[in-house]
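K.L.:
Quick paste from Swiss-Prot:
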BINDING   R23, Q24, A25, G26, R27, D73, Y149, T204, H321  substrate binding site
SITE      D73  site 'Transition state stabilizer'
Amino acid sequence: MRKLFLDAFGEKKLDKPPVWIMRQAGRYLPEYRAVRAKFDNFMDMCRNADACCEVALHPLQRYDLDAAIVFSDILTIPEAMGMDLKFIKGTGPVFSEPIQSQKDLDKLKSIEDSIGSLDYVYNAVKTTSSTINVPLIGFTGSPWTLAAYMIEGSGSKQFNKLRKMMYANPQLMHSLLQRLADITIIYLLEQVKAGASCVMIFDTWGGILPLEHYKNFSLKYMEYIAKNVKQKINIPIVFFTKGGSNFFEEIKDKSCDGVGVDWSVTLKQARHRIGVGKVLQGNFDPAFLYGSKQSIRETVRANIEFIQSDKLNNYIVNLGHGIYPDIDPDSVRVMIDAIREFSA
């Protein structure tokens with residue numbers, strides 16, 4: 001197995017940084033769209049281990065990447081808890097009966113029953129990890145982010161229902177978050193048992209919170225998960241809070257080994273605020289791939305020059321969030337080729 005990605009979490013400064021791309025197995029690739037067309041709905045595809053493996057392999061077959069990520073979705077846990085999940089074109093994920101009260105929370109399945117409904121994810125991890133020659137990243141949504149969808153019923157611009165519950169009924173909110181955290185610990189450990197070499201916690205909506213509420217309603221539960229996972233097995237864990245650059249000083253002392261960085265700050269700024277010891281992952285603006293070949297190469301060169309100037313810390317080159325569906329696959333090749341060229 002190529003171990004450059006895992007070596008980034010070691011103490012030795014690497015000669016060159018590893019690279020992978022968030023949502024690297026996705027709609028921007030025509031081969032992904034061909035597989036997706038075979039299934040009536042998205043979750044049916046996620047439940048098919050062979051299909052998950054096939055689409056996880058697509059970017060590895062196209063590009064020189066140092067890691068793969070299991071093909072799945074962050075909302076597998078809420079669905080396993082008994083919530084009715086549908087993916088609606090033009091809207092995205094929708095829960096038909098959002099959590100609004102203690103009664104709704106009481107309807108959810110137990111942790112044991114919920115975990116038993118997630119075997120298809122572990123099968124996808126096992127099938128994929130046994131096929132590839134690079135590390136496989138497992139993942140989950142943060143409890144706060146999962147709760148956002150479970151309470152709102154779908155994505156939202158303002159998340160009024162979510163934030164209302166946080167302020168008006170914090171006890172109920174914490175009850176939901178704790179249950180999600182307890183399930184997530186087992187979920188991640190099972191992914192590791194199945195073959196994941198690293199796990200990532202995607203805190204997509206943590207960035208909407210004020211600092212104190214981020215600490216109490218989001219980071220607290222990510223840290224709880226990380227500590228409990230590491231008590232069982234010492235595996236690299238990456239925290240990524242989208243829009244979370246204001247929280248770096250809080251994250252830097254937590255149990256994660258890596259921190260995802262979006263494009264709202266430079267890597268230099270992020271390193272200054274996080275300090276030494278943690279791997280930084282990111283932080284290209286996904287939209288930079290709309291640019292010309294020359295502009296892509298210039299942006300890559302600037303980041304690689306900074307990474308190489310830091311003699312103490314390692315970095316994982318990535319986008320600051322998932323790749324957009326309408327990105328030209330050839331632009332991705334330009335980016336990766338430039339990363340390899342300027343890192344040589």
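Just so you know, glycine gets a Cβ as well, placed from its N, Cα and C.
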K.L.:
Enter the number of other CB atoms within 10 angstroms of the CB of R23 (substrate binding site).
P.N.:
19
K.L.:
Max Cα-Cα distance in Å among R23, Q24, A25, G26, R27, D73, Y149, T204, H321, the residues listed as binding substrate?
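P.N.:
For the residues that bind substrate, the greatest Cα distance is 23 Å.
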K.L.:
With an 8 Å cut-off on Cβ-Cβ distance and a minimum sequence separation of at least 6, pull the same-chain contacts of Y149 (substrate binding site), or say none.
P.N.:
L75, P78, P93, F95, G155
K.L.:
For A25 (substrate binding site), which residues in the same chain are close in space, meaning a Cβ under 8 Å from its Cβ, but six or more apart along the sequence?
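P.N.:
Long-range Cβ contacts: Y32, V55, A56, H58, P59, A68, I69, F71.
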K.L.:
Given the binding-site residues R27, H321, which one is most crowded in terms of C-beta atoms within 10 angstroms?
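P.N.:
By the 10 Å Cβ neighbour count, H321 comes out on top.
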K.L.:
Let me check the 10 A CB neighbour count of D73 (site 'Transition state stabilizer'). How many other CB atoms are there?
P.N.:
17
K.L.:
How big is the gap, in Å, between the Cα of D73 (site 'Transition state stabilizer') and that of R23 (substrate binding site), rounded to a whole number?
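P.N.:
Here the two Cα atoms are 10 Å apart.
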